[in-house]
Amino acid sequence: MLKQRTIKSLVKTVGIGLHSGRKVTLTLRPAPAGTGIVFTRVDLPEAVEIPVAASAIGDTRLASVLQKDGARVSTVEHLMSACAGLGIDNLYVDVDAEEIPIMDGSAASFVFLLQSAGIEEQNAPKTFIRVKKPVEVREGDKLARLEPFFGFKLSFTIDFRHPAVDKTGQTFSIDFADTSYVREIARARTFGFAHEVEALREMGLARGGSLDNAIVLDEHRMLNNEELRYGDEFVRHKILDAIGDLYVVGHPLIGAYVANKSGHGLNNQLLRALLADQEAYELVTFDRVEEAPAAFLPQAQPAFA
């Protein structure tokens, strides 16, 4: 059978919160089969556990924020994206602040952390959510859709009218049956515009943002000294975000995701719309590994890629 996965040993790192600018200690621990991914605010007088779920996402203006009983864990999408890319089903995530550290603005640091801990299979079948019919949400000219597809592929179109973005490509599609998440998506960094960063700082946000953890653009060009990691890094990062946003549903999706100018909020609305229609999806497991979609086979999601 295609089995669930967790990590082999505890691992921790320290980083900076993107919005608070404060030091954050992140600890990842193995979790038993069937646990799912559970975030815990260990800095509160009484620790609050927040299991990932589409319904647990509250604020989505600047990031995906898990909320429960007044406790928040912000900016979970890059870590969730890494977990999806490596096929991690069960994990305890302990954090001593209200946001996950931004690291270098991509998912690469989290991939490294998870791989350093070691990834092991558990004696329980991996459960998938298989999309059975199209589900779509719109907001003005923004769109996010899930369609039936025996695998996992994504297509994303952005529309940032900026010289640096225009020349890199505004649309990107990827099918994980024949493409490595670690190589092709994980290293794509978040990006923002200098005038937006200043506005956020005036609101007491983005205090941890810098050229070390984001691609920053002025009106004409990229301010970072280094080159882009991918020719089309901007749209690839939107795919990275979408993978993380979708993974908060609690299981890997078997289906195709199509988006135009979508963001954290619309991605979460899409999950809620899917779950609200019981005829739109089903839970499936695979007793025989070879019957599973190629995107989820061990060779497509190796513990070390």
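Cβ coordinates are placed from backbone N, Cα and C, and glycine is handled just like the others.
Model, not experiment: these values are computed from the prediction.
Summarising the annotation, Swiss-Prot assigns Zn(2+) binding site to HIS78, HIS237, ASP241 and lists sequence analysis as the type of evidence. Here Swiss-Prot flags HIS264 as active site, proton donor, drawing on sequence analysis.
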Original post:
If one measures from the C-alpha of HIS264 (active site, proton donor) to the C-alpha of HIS237 (Zn(2+) binding site), what distance in angstrom results, rounded to a whole number?
Top reply: 12
**OP:** May I have the list of same-chain residues other than HIS78, HIS237, ASP241 whose Cβ is within 8 Å of the Cβ centroid of the recorded Zn(2+) site, in sequence order?
**Re:** GLU77, SER81, SER106, ALA107, ALA188, THR190, LYS238, ILE239, LEU240, GLY244
Subject >> Of HIS237, HIS264 (the recorded positions), the residue whose Cβ has the fewest other Cβ atoms within 10 Å >> reply: HIS264
Original post:
Residues with Cβ closer than 8 Å to the Cβ of HIS78 (Zn(2+) binding site), same chain and 6+ apart in sequence?
Top reply: ILE100, ILE102, MET103, GLY105, SER106, ALA107, PHE110, THR190, LEU240, ASP241, GLY244
**OP:** Starting from the Cβ of ASP241 (Zn(2+) binding site), draw a 10 Å sphere and report how many other Cβ atoms land inside it.
**Re:** 24
